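Database features, via TrEMBL:
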DOMAIN    54-201  domain 'Glyceraldehyde 3-phosphate dehydrogenase NAD(P) binding'
BINDING   ARG63, ILE64, ASP84, ARG129, SER171, ASN365  NAD(+) binding site
BINDING   SER200, CYS201, THR202, THR231, THR260, GLY261, ARG283  D-glyceraldehyde 3-phosphate binding site
ACT_SITE  CYS201  active site, nucleophile
SITE      HIS228  site 'Activates thiol group during catalysis'
Amino acid sequence: MESTTLHQTSQSFIAVSKFCLPMSASLKFQGKRQTSSLVGQRPADLFIHKSMSPKVGINGFGRIGRIVFRAAIEKGVEIVAINDPFINLEYMVYMLKYDSTHGKFKGTVSKDDSHLIVNGKSVTVFQERDPGNIKWGSAGAEYVVESTGVFTTLEAASVHLKSGAKKVVISAPSKDAPMFVMGVNNDKYTSDLNVVSNASCTTNCLAPLAKVINDEFGIEEALMTTVHSYTATQKVVDGPSSKDWRGGRGAAQNIIPSSTGAAKAVGKVIPELNGKMTGMAFRVPTPNVSVVDVTCRLTKGASYEKIKEVVKSASENALKGILGYTEDDVVSSDFIGDTHSSIFDAKAGISLTDNFVKLVSWYDNEMGYSNRVLDLILYMNKIG
């Protein structure tokens, strides 16, 4: 189980994964939104006709659940049902309409007796504590985004299948469900897999960059630090946290060292890096956008200019929409709403020698990750 930022869901859900849980800049950071792409395909190949688009349900309308919903509107993915036992319909309208980080919802939101009505379309709302009681089938949901942070194992998430769903994507790391990172190992997905994990937001940032560097130069070993925005599982002021004493300190007052399994998880999606990477986290007083700092010892030496060239090429070709690239003098808030998994900061990295380098990559740990959840669903739907 990963342990840095926990996905926020309704307050009464017990979050279990400490990993993360932005509308985006272009590859050259010109401030234009860029839609994510499926790995290995040109952007023109990625647009799926709406009649082919899968129908999706969301279990847990917390931080990631709501951002997945917003991202789905942008992508034209149909959300047909939401389950959250702790948010009534009236409050659900309010929570979707207003967001302190990403702004007011760009559309219309209302309700009737049992539906959320978004841009004139009805979304069935359930309030079931037991996922076995959610009638996904009757609502027409083929895919379920499991975003409570609670049902993260194969066994627990499989209950959605018994309720009528065909596939489940867990929006958190899982100790036993197959884990996929778009642009890295999604080509290993096969249609017989019914429950999968989209890993964590930090793994989604680190893995594409690690893949590019390892494929081109080889990575002998690496240490990663994620400077990560606080999340809902932290305390506003000092409070009890028996399992993580430092994690109980005031999130807006401190830089808090924390553990993370994100770097080790890269070894699960890139097997040749298994055992070669580990890392830690610092939780910092910002509400959104995080940054990965990875120090690598390379097998094949290369100048920093060569590394920049290789990463930029990947960002414009095979990993377009997933890996971004910028040479601008950016700061964290510039990436709020960015839909990339990872945006390489060419000016921030340094090298000591041709074989020993520090690389820096940004990520909106909410919007970027939520877009990958949907991209994984679209990819699975395309495979069948």
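Glycine is no exception: its Cβ is also placed from the backbone N, Cα and C atoms.
Those TrEMBL annotations? Automatic predictions, nothing curated.
Since the structure is predicted, the reported quantities are computational estimates derived from the model, not experimental observations.
For THR260 (D-glyceraldehyde 3-phosphate binding site), the number of other Cβ atoms no farther than 10 Å from its own Cβ, over all displayed protein chains, is 26. Using CA atoms as reference points, the binding-site residues ILE64, ASP84, ARG129, SER171 were checked against THR231 (D-glyceraldehyde 3-phosphate binding site), and the closest is ILE64.
Between the C-alpha atoms of ILE64 (NAD(+) binding site) and CYS201 (D-glyceraldehyde 3-phosphate binding site), the distance comes to 11 Å. In the domain 'Glyceraldehyde 3-phosphate dehydrogenase NAD(P) binding' (54-201), the DSSP tally of helix, strand and coil residues is 41 helix, 36 strand, 71 coil.
DSSP gives THR202 (D-glyceraldehyde 3-phosphate binding site) a helix state. Over all protein chains present, the Cβ of SER171 (NAD(+) binding site) has 34 other Cβ atoms lying within 10 Å.
For CYS201 (D-glyceraldehyde 3-phosphate binding site), the nearest neighbour among the binding-site residues ASP84, ARG129, SER171, judged by Cα separation, is SER171.
Reduced to three states, the DSSP call for HIS228 (site 'Activates thiol group during catalysis') is strand. Residues SER200, CYS201, THR202, THR231, THR260, GLY261, ARG283 are listed as the D-glyceraldehyde 3-phosphate binders, and the farthest two of them sit 17 Å apart at their Cα atoms. Put simply, ARG283 is the one of the binding-site residues ARG63, ASP84, ARG283, ASN365 whose Cα lies nearest to the Cα of HIS228 (site 'Activates thiol group during catalysis').
Among ARG63, ILE64, ASP84, ARG129, SER171, ASN365, the residues given in the record as binding NAD(+), the maximal Cα to Cα distance rounds to 27 Å. The closest partner of SER171 (NAD(+) binding site) among the binding-site residues, by CA position, is SER200; the full candidate set was SER200, THR260, ARG283. Rounded to a whole value, the Cα-Cα separation of ARG283 (D-glyceraldehyde 3-phosphate binding site) and ASN365 (NAD(+) binding site) is 13 Å. Counting only the Cα atoms, the space from ASP84 (NAD(+) binding site) to THR202 (D-glyceraldehyde 3-phosphate binding site) is about 26 angstrom.
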